[in-house]
Amino acid sequence: MNNDSRLIDWILRIAVAMQALGYAWLLGILNESPFLGWLWEPTDVGGLALGEGTALVISRTVAAVLFVTAVSTLVRPSRVLLYAMAAFQFCYAVASWQIGEGYPLSTSWLGSGVLRQVAGQVVPLLPFATGAARIAAPLVLILVHWSNKRKLLGVSFGWFSEWLVRVSVALTFAGHGLEALSMHPKFIDMIMLSGQRVLGLGISQSLAQTSLVVIGVVDLTLAMLILLFRSRLVAGYMAFWGLITAAARLIVLPVVSTEFPAVGASEFSQRASHWALPLLLVLAWRVVKRERPPKDD
């Protein structure tokens, strides 16, 4: 494994470990998650109706497995644990979908035709889009860490890994872009509180809403560009923005609280794939550009 492969491998390992720790803390300590709600809630609202006691046992068991996965990923990655983590992330998206967790996107602007009916069926599936990068991260690590072939000019990052990253990142940015355009209240609060705590500025709600329109359009544009072009500039901006939006949780959410301890750190860690996966593309495409053979005169 050359230096570029090692760097890609370790970025993935650190990001996946952070993500696993973030969810382990959420499920094991905070005890507040769509996953727990899905296990607990009655079937008429999309839950599995397993009861409070059983739901808590399952949630805390999964938290323990995720903690072991985080440690293992840094010390000696395990395929079994990484597959289990990807399966958990998929189940987490299913849980959010089934119990209607999240901000409902409006489809009224589509009129009353077939397009609105189709959108009405697709919108509830948004958790699978916003969670796509988190589902993909452990799978990409499996593909990269156990690659025995020299791919993509010496980097163990083959075409399937590349497209898994590109599609998952595009889905995540597109999902968040749609949430921004729908004026997600959480995003409005985040902009206003970040402006106040970081810059000392009093950002009005109307300015925050205008900012969300810009952010939403940019996110959707980036989602299309990352699929159409091998652009290190696009991937680099996505990595930067993914890190900024993840770090905003450290500023906005309570870092230390008796009721929800370290919730900001947990939310930040859960989103490690939002910056790590685009960063992989920057590194892999840098190698391609550097090692591309010169053209004949």
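Using N, Cα and C of the backbone, Cβ positions are placed for all residues, glycine too.
It should be emphasised that the depicted structure is a prediction, and the values quoted were computed from it without experimental measurement.
Residues or ranges marked as transmembrane segment by TrEMBL: 7-26 (among others).
TrEMBL lists 46-68 (among others) with the feature transmembrane segment.
Sequence annotations record features per position, and here TrEMBL assigns transmembrane segment to 80-99 (among others).
Annotated transmembrane segment per TrEMBL: 119-144 (among others), in sequence order.
Positions annotated as transmembrane segment by TrEMBL: 156-178 (among others).
Residues 166-167, 169-171, 173-174, 176-181, 183-184, 187-188, 191-192, 234-235, 237-238, 241, 251, 278, 281 of the same chain lie 6 or more positions beyond the ends of the transmembrane segment (198-227) yet place their CB under 8 Å from a CB of it. The transmembrane segment annotation in TrEMBL covers 198-227 (among others).
Per TrEMBL, transmembrane segment is recorded for 234-252 (among others).
Here TrEMBL flags 272-288 (among others) as transmembrane segment. Same-chain neighbours of the transmembrane segment (272-288): 4, 7-8, 11-12, 14-16, 18-19, 22, 133-134, 136-137, 140, 152-155, 157, 162, 165-166, 168-169, 172, 226, 230-232, 235-236, 238-240, 242-243, 245-246, counting only residues six or more beyond its ends whose CB sits under 8 Å from a CB of the stretch.
Sequence-distant contacts of the transmembrane segment (46-68) (same chain, at least 6 residues past either end, Cβ-Cβ under 8 Å): 20-21, 23-29, 31, 33, 35-40, 81, 84-85, 88, 98-100.
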